[in-house]
Amino acid sequence: MKDQVGDSGITAESFEAIAQLAYRESGLQLAVEKISMIQSRLRHRLRALNMADFDDYSAFVCSEDGADERRHMISALTTNVSHFFREKHHFDILQSRIADMLLPKLKNGEKVRIWSAGCSNGQEALSIAMTLAEAIPNVLDLDIRILATDIDPNVVKFATAASYPERLTSGIPETLLQRHFRKGSENGETVFIANKELQQMIAFRELNLLTSWPMKQKMDIIFCRNVVIYFDLDTQNRLWPRFHQMLKPDGYLFLGHSERIADTDTAGFRTDGPTTYRPTTASTSTEPLSKEH
Ligand SMILES: C[S@@+](CC[C@H](N)C(=O)[O-])C[C@H]1O[C@@H](n2cnc3c(N)ncnc32)[C@H](O)[C@@H]1O
């Protein structure tokens, strides 16, 4: 009988194979201490494939025939927790820069692009869209759009449908909920569906941050929050220069509350408040943000 990791039902070899695969495919680090969570997240994949144990599963998912399953596996392993207006200070910064940074660009005929990288179920992108829609009348007439991407095809599908059970809407102030969502019912549950204006501002796409990025247009603002926390330092350090290259010289990069750029100089960024970064090229001549930012 092969050695199992604890009483997980996963052998050390299978765990290692799955962990290496997850790291290679998505940058996710599977810690052995989280084995019971990993096992419970993958158990339904074994059931779906009618497989008896994790040895069979790891052999299959690592094989040439396992390409489809690799996507299911990454989807099962990702943590998709999100909520509307999470870490609100970034939305305050966005709002404060609409008039003096984004609108002048739009009036000059420049496109404005905002990227929600690791968008999960879409709450971040919709919070950005609501912030813009509140501040800019007829926002759809202007060339300002949000790209929202995630490695997990299931969350991209959910986000595209833009329909949220009531329990997920608690972060949305009542006035915004009234203005930007319509109430509906799905399978006997009350849902709130984002209106067309918000939906048309956002393009949801599947994208693995570790692969090449197809976007040609540089971004004005990148939200990549609570994503790199699942990556090791090497993977994070490879991402920063890529974000830098993807940002306009006066852009912003927002990270999650427990994330930071370890070496800002090398990455070409300077800090501009908690979990807020700007390229070192960004001018400092704009109005300073208030203290709480
Ligand atoms: C905890 S959620 C964060 C959602 C949102 N940004 C927020 O802060 O509320 C992390 C998301 O990152 C995605 N993710 C993990 N690894 C990724 C990768 N390599 N490429 C793209 N997205 C990834 C996961 O699928 C998940 O939806």
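Using N, Cα and C of the backbone, Cβ positions are placed for all residues, glycine too.
Given the structure is predicted, the values throughout are model-derived calculations rather than measurements.
Looking at the domain 'CheR-type methyltransferase' (10-282) alone, the prediction's average pLDDT is 96. The feature domain 'CheR-type methyltransferase' is assigned by TrEMBL to 10-282.
The number of other Cβ atoms within 10 Å of the Cβ belonging to LEU209 (S-adenosyl-L-methionine binding site), over all protein chains shown, comes to 21. The S-adenosyl-L-methionine binding site feature in TrEMBL is assigned to ASN80, SER82, ARG86, GLU124, ASP150, ASN208, LEU209, ARG225, ASN226.
Summarising the annotation, TrEMBL assigns region 'Disordered' to 265-293.
The compositional bias 'Low complexity' annotation in TrEMBL covers 274-286.
Under the three-state DSSP scheme, LEU209 (S-adenosyl-L-methionine binding site) falls in the coil class. Sorting the binding-site residues ASN80, ASN226 by the number of other Cβ atoms within 10 Å puts ASN226 first.
When the binding-site residues ARG86, ASP150 are compared by the number of other C-beta atoms lying within 10 angstroms of their own C-beta, ARG86 comes out lowest.
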